[in-house]
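Q: Marked as compositional bias 'Basic and acidic residues' by Swiss-Prot: 230-244. Annotation source Swiss-Prot lists compositional bias 'Low complexity' at 245-257. According to Swiss-Prot, the feature domain 'MADS-box' maps to 3-57, an assignment based on sequence analysis. What Swiss-Prot lists as domain 'K-box' is 87-177, and the listing cites sequence analysis. Taken from Swiss-Prot, the feature region 'Disordered' covers 223-264.
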Amino acid sequence: MGRGKIEIKRIENANSRQVTFSKRRAGLLKKAHELSVLCDAEVAVIVFSKSGKLFEFSSTSMKKTLLRYGNYQISSDVPGINCKTENQEECTEVDLLKDEISMLQEKHLHMQGKPLNLLSLKELQHLEKQLNFSLISVRERKELLLTKQLEESRLKEQRAELENETLRRQVQELRSFLPSINQHYAPSYIRCFAIDPKNSLLSNTCLGDINCSLQNTNSDTTLQLGLPGEAHDTRKNEGDRESPSSDSVTTSTTRATAQRISLV
């Protein structure tokens, strides 16, 4: 047998009245808390008992809520803002938009899986179906992006392989060309030849300034640049040029000696 309906009137018994007040007060504060959490509403409850004791609840801050309430009361007293004025149609449209926004926000929260206590089984099944459709769409989009990235990576890999093959061919061509140069030409660029001892006769016969100048101009080693085939010809021509120069120097030395003897 169900519980009978309680008649709403003042309880005459003081003890029963106090017990009922405590129970109903706790239930009221609990409902206010649930309302603030489920609906994301700013709720404030103020209760004074028969003896004057204060009981209050606020989802944010009691002072903040009271200040907001006072500002709302002031703005509603200004002409043209109250919905019960000439702009009743506009206010009705605004209320409809607010309700629609509130409903969309509630659906958004349901999609996140937050306030599900008040949903029925049918609503939960419908929500599950929507989430499955959304999940399928997300997976398809993800697979498409991954396939695109994979294709781009393959193209980059093919380009890199072609560039590496081209560079490898160029290196092989250079390697096949450089050894021939090193074998035939590189060793013969610089060669040294010793001077024939016959060309150094002036080292013992020069006198005074002539001896010093000739010693500064002669050396034991000369540097010759040229190809291998030109080495013998160069040495031969050098010997031919040095022979007459040696004779001319000897003649000039003899003349200088004769002049000094005549002066004495």
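Including glycine, each Cβ sits where the backbone N, Cα and C put it.
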Q: Over the span of the domain 'MADS-box' (3-57), count residues by DSSP class, listing helix, strand and coil in order.
A: 25 helix, 9 strand, 21 coil
Q: From the DSSP assignment alone, can you count helix, strand and coil residues within the domain 'K-box' (87-177)?
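A: Its residues fall into 81 helix, 0 strand, 10 coil.
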